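Asks: Below is the structure I would like to discuss, written out as structure tokens.
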Amino acid sequence: GIGGAFQYGLQVSIINSPAEYIKSFIRETWLKRYGSSPTEELITLMWSFIVSIYSIGGLLGSLSAGYLSVRFGRKKAMLFANIPALLSAALMGLSRLCESFEMIIAGRLFSGVCGGLGLNIHLMYAGECAPRKLRGLIAITASTAIAIGKFVGFALGLREVLGVDALWPLLMAANTLPALVQLLTLPFFPDSPRYLLIDKKDKEGCL
């Protein structure tokens, strides 16, 4: 679940802590770029867009999860979900350095794609791989991973950790670590038996 539902929980909670810092960053960037201070309404609009575009990315990820899981298999589709995760981390982590709040918006969109893919494929992959006796237990790993992701997001957002003005880009790029952990570990996992039998017609591999 660390590269699946965990990513969703993390991104849902991690955005709350640096809200004021990101608004200040938008204000400063706008002033440098256009020579005038933006209105509070414009700042609020930009901030609302940063928060809500995650849902649009999630919708795109969810809509493509079915196709990718059938086309490439559950495991490869889960690995693919880490590409938008790493891309989003790079965009948001470098946004301050590049003086571009648009990079935060794009990064949130890509992190939403990762969350939509991961949440759907995690449930599919875990359920299909689980032995019958453990299927119920394995299925709830999705909700457990979401809860842990939310907790980690809130913990990282504390002022004693990364929730300060100097470190908010690192906080926004925190999804790098779970993505890298999954990229290094998931290749050693088996493919889904259901995928091997129904989609690949590989009965021996399924058994």
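Backbone N, Cα and C define each Cβ position, glycine as well.
In case it helps, TrEMBL gives these features for our protein:
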DOMAIN    1-207  domain 'Major facilitator superfamily (MFS) profile'
TRANSMEM  45-70  transmembrane segment
TRANSMEM  77-97  transmembrane segment
TRANSMEM  103-125  transmembrane segment
TRANSMEM  137-158  transmembrane segment
TRANSMEM  170-189  transmembrane segment
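Can you walk me through where each of these features ends up in the structure?
Replies: When Cβ-Cβ distances below 8 Å are used as the criterion, the transmembrane segment (45-70) is approached by residues 8, 11-12, 15, 19, 22-23, 26, 38, 77, 80-81, 84, 101, 104-105, 108-121, 124-125, 195, 199 of the same chain, each at least six residues removed from its ends.
Within the same chain, residues 1-2, 4-14, 16-18, 119, 122-123, 126-127, 129-130, 171, 174 sit at least 6 positions outside the transmembrane segment (137-158) and bring their C-beta atoms closer than 8 Å to a C-beta of that stretch.
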Asks: Same chain, outside the transmembrane segment (103-125) by at least 6, Cβ under 8 Å from its Cβ: which residues?
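Replies: Tertiary neighbours of the transmembrane segment (103-125) are 1, 3-8, 11-12, 15, 22, 46, 49-51, 53-66, 68-69, 74-75, 77-78, 80-82, 84-85, 87-92, 94-95, 139, 141-142, 145-146, 172, 175, 179, 192.
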Asks: Which sequence positions outside the transmembrane segment (77-97), separated from its termini by at least 6 residues, show Cβ-Cβ distances below 8 Å to it?
Replies: 3-4, 7, 25, 57, 61, 65, 68-69, 71, 103-104, 106-111, 113-114, 117-118, 121-122, 125, 168-170, 172-176, 178-180, 182-183, 186-187
